[in-house]
Amino acid sequence: FTCMTAVLLFVVGLCVLNVTSSLKICAFNVQSFGESKANNKKVMEILLKILSRCDLCLIQEVRDSKGAAIQALVKDLNRYKLSLSERLGRKTYKEQYVYIYRNNVLTVKEHYQYPKLEGEGTNETDVFSREPFIVRFHSPTTLVKDIVLIGQHTCPRNAMKEINELYSVFKGIYKMWKTDNVIILGDLNAGCSYVTIKGWRAVRLRSDPKFRWLIGDEQDTTVREKTHCAYDRIIVHGREIISSIVPGSAQPFNFKENFHLTEEEALEVSDHFPVEVDLKPNHRYLLLALHLSQLHKTPINKSCFSMKELHVWLLEFILCIGKPEPHQS
């Protein structure tokens, strides 16, 4: 056993320790993100602090037609990649959905831009103002390995109709990809004057008990003190993913309070708080991390451990990454 081997194992141990915590998934309406915000150093610093908490985040209201602003944001984050939708919207107003994700813990398997049903018109069959952008991720470090995210930013005046139509989007994705581990997330405008009690009864995502609304109606996802609305939501479907949620982790992140900002300072970033949820880690990765963390704490000398112990650790690593997780009921 050599010092070089010990150093290598130390580095591997640190890398594994970095990915064995729960996976944080977020959705954030950054409110007209473009060159103006990208050129505001203070705003960008706050955005980086917010987004670096997330392993995966759906960013909404990306308005920059050149794409330079979002590229600058991802570059400053480091170790993140992005998956972008088309520029979406009726007439001249356009937005993009952008998923940013840590490339050391997640990979994109496939993505799908939900199509307009009837060309570019505003007829009755063209339900969405900004069609959902769907991405399927592989997550080897969590209990659930296959995760589909359906990102949506609804039009406020048409919110309930669009939320209801997301049920059809889910059905189509299930038929296409044969997975029911789905998270629907984003600024759904699902609160205050944009929804009604009577209207909720007709929304299939609410009436079907297989869908869990993790951000409740009583939550506040708005920055302004004078408003209290649960506009931004996270909705999950699938027994496996529901059992993988860290209890109590689904909530808005109040960056105004956490970063000690005034309301004016917070509103320069966005008028929305991000919403987030954590997924439980794969326990085999935790076991490996424990072994390696103990290993790199041990002094490097000939008596610190035997070659047999090293073989056991390496074998457990191979088994850890090679075996599927048992199904969680």
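Using N, Cα and C of the backbone, Cβ positions are placed for all residues, glycine too.
Under the heading signal peptide, TrEMBL lists 1-22.
Look at TrEMBL and you will find 27-272 tagged as domain 'Endonuclease/exonuclease/phosphatase'.
Sequence annotations record features per position, and here TrEMBL assigns active site to GLU95 (among others). GLU95 (active site) falls within a strand segment according to DSSP. The Cβ neighbour count for GLU95 (active site), using a 10 Å radius over every protein chain in view, is 19.
Proximity of HIS153 (active site) to non-local residues of its own chain (separation of 6 or more, Cβ distance below 8 Å) is seen for ASN29, GLN60, GLU61, GLU95, TYR97, ARG130, GLY186, ASP187, LEU188, given in sequence order. In the three-state DSSP assignment, the secondary structure recorded for HIS153 (active site) is coil. TrEMBL lists HIS153 (among others) with the feature active site.
Annotation for CYS192 (disulfide bond): same-chain Cβ neighbours under 8 Å, separated by at least 6 residues, are THR227, HIS228, CYS229, TYR231. The annotation disulfide bond is assigned in TrEMBL to CYS192-CYS229.
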